[in-house]
Amino acid sequence: MATVTVTTTISAVTSLATPTPTAARAPAQAGLFEGLNPTVYNAADPIILFIIQATIVIALTRLLYWPLSKIREPRVIAEVIAGIILGPSVMGRIPGFTATIFPPASMAPFRLAANIGLILFLFLVGLEINLNYLLSNWRIAISVATLDMAVPFGLGVALAYGLYNQFAGEAGTAPVSFGVFALFIGVAIAITAFPVLCRILTSLKLLNTTVGVIVLTSGIANDVVGWILLALCVTLVNAGAGITALWVLLAAVGYSLFLSYAVRPAFMTVLRRTHSLENGPTEGVVALTIFLVLVSAFFTSVIGVHSIFGAFMVGLMCPHEGGFAIKLTEKIEDLTSTLFVPLFFALSGINTNLALLDSGIVWGYVVAVTVVAFLSKMIGGSLGARFNGMVWRESFTIGALMSCKGLVELIVLNIGLQAKILSTRTFTIFVVMALVTTFATAPLVSWLYPPWYQQKLELWKKGKIDWDGNPIVPADGEAENEEKYRQGDAATRLLVYLRTDGLSSILSLVSLFTGGARGLPDTSDLPPLRVHGCRLVELTDRSSSVMKVSEIEEHAGQDPIVKAFGTSTANNTSRDVFVSGQVAVVPEGSFADALTTQAARGNSDLILVPWSETGTLAEMPSFFSFPKSSDLLENRDFANLIGQLFAAARHISGVGVFFDKSLLVDKAGDNTPGVPLSRQLTRDTTGVSLAEAHDNAVKFHSADRGGRKLIRVLYMGGEDDLFAVRLAFQLAQNQHVLLEVVDAAGHHEGTEFATLQSVVTELLGDRVKFHEILPDEVTAALLAAPSDSFTQEIAASSLLIIFGRANHWATFDGSSAAPNTTTSVLGPVAARVIAAQGKKHSAKLAASLLVVQAQTAPSSQENVKKEGAIAAVPKASMDSQESGH
């Protein structure tokens, strides 16, 4: 009996250990080690193939966008071209590619992710539209947008007649009436890509110009009307009967009113209670907003209107007060634009089949659609702008900008393809049109409205030149006063580059221009000092960055840096001072151009730039990214910015680069080796490691102990040196300032410096002293600690050294060493003084440095290059039709 039991047990165990048939086994979990093919679509686990598809799309898009970005083309072109390459037109011709990477069964999750991205993207488009901007310019917006919509829509309907008769019965289309088809084609021809338009205007620096304002307001009106007409078109297609279409339309209108008058007030209440308007959206508010977007998209979809309209309406509903729309966009845009949106536009490219453009008739319609779409928008926009008083060239620029189709056109076309209004062939025709018109917009606008023409037009409208570019001389009295003012002070119009890291140092320098009692006997004739602060914010490809540009005037007055600058400067004056400030959002590579343009526009005498205290172009880097090196010029990016500014402003304005004394002392003197850092682990006699807290307070040097300041200026005979002396003389008019001129040139008889020396000596008396030195004594003389009776009351920390950027050091010391970056950017004196300054920390010499470059008159050839239209060359290239302006 026992033997039978044991045998039975062994048989049972053996049967349990025997492998079961494959059909009864659990799915393989070891992946590649069990023979998994990641390109085989698995409906139960679609993420593997989706990751392959998304990776290919994103990588190819970024690769294509890199060269396109160099010519200022929008990213949507790269996204669509990537889709065309991956679709049947190119890669689809490789045997097995489509079946392996984009099999039909896998397109459902791919399309789902693309449509989620489309919903979020249309929400961001709605966020980007500021209806207050439209309402404030409604007259010109309606006049331009009306013609810009009516002309293309009418010509589009005419074009639809031929398209309908030629392609309406193709495979993949539903039987729609000509009226519905004509409505859709009219919308596709008339609509403008507002988001792409904003980016083109920003990249061409036109957003805040008259052209930019007209295009932006008209684009908003065009976009809103276009989406309404498209919703009507989709409603008519989806509705089986006329009464059904009416119910769908009424439901959509009622829902939009519900969002405006019920949901928005409740949403605003939540924002105020959570302080999201002032401090940005909280995590809960972001979740609530996404919930509203999805619910709204669901509702508009189930009532027979496309889901994107619900998302778009929620975007329009969100407020712009306090920069809420910008801050909310920053929370959402990166994932949307990086992952989801490329999938949608790549899907558009995949649905495009260039092989269907296989006959002369089809190519004829490609040309016809492209020409009608471009010329109709060009004519409509140009006439609307001309009726508003614009000159012809401005009008053509507006027409060219309004002809941009971009991503909005592709969204419209995809809706038409999904609704079976368009066949794949007609869809491909319109995709080619969208690519051509979008690609041509930026180059055409750059050719029609270049910077030199903008300058000429601005001067002509201000009455400073005639149409041929000849300057109009002001009244004699005004010209004499201006000349007298400019002879009195070296700089009466200051442009100050505001940075978060250098704000305190630049304010101390500006106070020398504005503050303190004037030491001259007669100050009644002193001109008002105009100080304009300009803060530069980096422009990126993000939508939020573009939104900052379009709404910058609304929020510039609330910028804390601009407010601090204005308050500090206006409250520390001893003469009439006009203080103003602005925030400009420009690409990082255009910072120098932005400052130069503003200096030219404001007729500035001097551009003041504080050297970066963070070691980067960024004003507020990461908490852990401050430079460990004490080499001020190790940051090549900021040195390149200064070099570009010196070159660009040479004939426009003087430039002064300011090094605060803290840059030369704090970093080298505070972290003494061997001194424990804050919260440093130390070993006690008990053998236990303890966290010992040390004083981690930031220490500041006293700026003006005793209330007096010494300015030491170097003169070596160049134009920059003479400008430095004149600037030092202006600052020394403050009776709390002593001036010490270090003369390393000699032989001044009959020179302008000799005249200036006599005037300065007469006006300042015992507050000025001249030292003649040999050229090889320059560094020692500039960095000598105040010691004689003249400066004994001046603290070493109250020393400001001013010298010119370009001088004749090489001719004095005979050095033949190759110039390094420091020398080429700031000049040889600055390089040696900074190097020597770093070696004098033990002497506690805390001197601030100001390196200046004088403005010089351009030669005739440079003048032609610089001013273009104002010089002789543009006169021959004037458009003949502008003779009547």
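Heads up, the Cβ atoms here are built off N, Cα and C, so glycines get one too.
TrEMBL labels come from automatic prediction, so no person has curated them.
TrEMBL lists transmembrane segment at one of the ranges 80-102, 793-815, namely 80-102.
Contact check: the transmembrane segment (284-317) against the transmembrane segment (176-198) gives fewer than three Cβ pairs closer than 8 Å, residues 6 or more apart, which falls short of the contact criterion. Same-chain residues lying 6+ beyond the ends of the transmembrane segment (141-164) with a Cβ under 8 Å from its Cβ atoms: 134, 178, 181-190, 192, 214, 217-222, 225-226, 365, 368-369, 372-373, 376-377, 379-381, 383-385, 387-388, 398-399, 402, 426.
Long-range neighbours of the transmembrane segment (176-198) within the same chain, counting only residues 6 or more positions beyond its ends whose Cβ lies under 8 Å from a Cβ of the stretch, are 74, 76, 125, 128-129, 148-149, 152-157, 159-161, 163-164, 168, 207, 215-216, 218-220, 222-223, 226, 229-230, 232-233, 236-237, 369, 372-373, 376-377, 401-409, 412-413, 416, 420-422, 430, 438, 543, 546-547, 549-550. For the transmembrane segment (48-68), the most Cβ-contacting stretch among 108-129, 337-356, 363-384, 429-449 is 337-356 (pairs under 8 Å). Highlighted: of the candidate stretches 108-129, 243-263, 337-356, 363-384, 429-449, 337-356 has the greatest count of Cβ pairs under 8 Å to the transmembrane segment (80-102). Per-stretch counts of Cβ pairs under 8 Å to the transmembrane segment (363-384) identify 429-449 as the leading one among 108-129, 243-263, 337-356, 429-449.
Count of Cβ pairs under 8 Å against the transmembrane segment (337-356): among 108-129, 243-263, 429-449, the largest is for 108-129. Sequence-remote contacts of a segment are chain residues at least 6 beyond its ends whose Cβ falls under 8 Å from one of its Cβ atoms, and for the transmembrane segment (429-449) they are 71-74, 76-77, 80-81, 84, 188, 193, 196, 200, 203-204, 206, 211, 348-349, 352, 354, 357, 362, 365-366, 369-370, 373-374, 393-394, 396-397, 400-401, 403-406, 409-410, 413, 422.
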